[in-house]
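S.K.: Sharing a structure below in structure tokens format, with a few things to ask.
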Amino acid sequence: MTESLRLPAASLKPSTVALPGSKSISNRTLLLAALSDNACEIHSLLKSDDTDRMLEALDKLGVEIEYLAEDRLKVHGTGGRFPNRTADLFLGNAGTAFRPLTAALAVLGGDYRLHGVARMHERPIGDLADALRIAGADVEYLGKEHYPPLHIGERQDNGERVIPIKGNVSSQFLTALLMALPLTGQAFEIRMVGELISKPYIDITLKLMAQFGVQVINEGYRVFKIPADAHYHAPEHLHVEGDASSASYFLAAGLIAATPVRVTGIGANSIQGDVAFACELEKIGADVVWGENFVEVSRPKERAVRAFDLDANHIPDAAMTLAIVALATGQTCTLRNIGSWRVKETDRIAAMANELRKLGAKVAEEAEAIHITPPETPTPDAVIDTYDDHRMAMCFSLVSLLDVPVVINDPKCTHKTFPTYFDVFSSLTETAE
């Protein structure tokens with residue numbers, strides 16, 4: 001039987017939340033450290049299902065990892081060559097592990113099988129596989145064409161140095177290729193075919209690669225040039241920023257409840273694009289204060305939360321939180337350019353529409369957009385299905401701040417990125433029940 005969690009109608013206390021480490025940074029950092037020619041001590045690493053899958057894979061590939069504390073470990077780099085050239089890797093539903101490992105292993109070559117949960121086998125990877133094959137990689141589909149599971153064999157250097165890749169389904173494909181090609185020691189040029197979505201995630205990749213000694217030339221997000229003789233050299237210590245996507249729930253809570261909420265672990269100089277979520281809240285009624293290591297959101301009670309019509313391509317994960325904020329506006333709100341939601345942990349446009357309707361909202365879906373007209377009062381005790389999607393669970397917790405109780409099915413799906421989320425959320429709230 002599915003476990004559920006009832007959140008009573010609640011008010012928010014003025015609060016400060018220490019964010020868990022960023023998933024995007026944690027998994028990129030683990031792989032780059034493993035491929036470096038020296039050791040790297042990583043601090044504030046996210047402890048979650050997705051990072052566990054990456055750590056398990058690196059262990060199977062022969063990477064030496066010392067666990068120094070719960071959120072601190074030392075990765076001993078392999079010099080860009082994994083010791084184990086044969087492995088069977090289960091990667092769950094962790095796209096930030098599956099895509100970059102696919103590219104790294106395909107470029108290095110070996111005898112590898114990569115697979116995951118059923119949903120991972122429904123998430124496309126064909127655009128990445130096509131690009132890797134142009135670079136001489138041996139990538140074979142073991143099930144449906146263009147989808148995992150995959151077998152990876154030996155790469156044959158065919159001399160091709162210009163690699164086209166599509167970026168309109170997932171920016172993780174480009175991230176994976178960028179991180180992998182320096183392992184060849186050859187100069188490469190990656191050329192985008194069509195639109196590149198979620199550019200801020202590419203910025204994270206490029207900034208982290210630079211911290212590990214590889215400078216990529218970015219020509220307007222159309223062409224990326226990787227220098228010859230590149231190799232990864234890790235910083236001795238690296239501190240992982242807090243997760244800006246996870247920050248969105250607490251910052252939105254401050255706006256909805258008109259109560260100051262501060263998150264620590266990110267700030268004005270964060271390398272994560274999702275910090276722009278706070279700027280979007282400011283446009284619709286929030287007061288935002290930025291520090292070097294914090295962001296704080298509040299709202300005067302007399303100021304209404306304004307409706308919005310937003311192109312959310314730059315903040316695809318955090319934009320989900322705005323779908324719940326829409327319920328506090330009293331007017332129709334629209335999120336556009338969110339086609340990537342369709343191929344995430346679930347079809348997030350369909351899932352969000354289904355669950356918002358349970359609350360009494362009128363919702364219209366398009367291929368890459370969602371229009372939300374809130375009810376006067378959300379339906380109390382609506383039972384929200386979460387589709388094994390951590391962000392669905394965390395988003396809908398905010399409904400309890402709209403003066404109605406809500407029931408969240410499978411709350412433990414948050415273990416993917418934020419295992420303690422509901423404990424933290426409950427500690428910030430007061431209930432009348």
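Quick reminder: no glycine exception, Cβ is built from N, Cα and C everywhere.
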S.K.: Let me know which member of Gln156, Gln172, Gln331 Swiss-Prot also records as binding phosphoenolpyruvate at the site of Lys23, Gly95, Arg123, Arg348, Arg391, Lys416.
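M.R.: Of the residues offered, the record points to Gln172.
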S.K.: Other than its own, how many Cβ atoms are within 10 Å of the Cβ belonging to Gln172 (phosphoenolpyruvate binding site)?
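M.R.: Summing over all protein chains shown, Gln172 (phosphoenolpyruvate binding site) has 25 other Cβ atoms within 10 Å.
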S.K.: Just to verify a number: CA distance, Asp317 (active site, proton acceptor) to Lys23 (3-phosphoshikimate binding site), in angstrom, no decimals.
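M.R.: One finds 12 Å between the Cα atoms of these residues.
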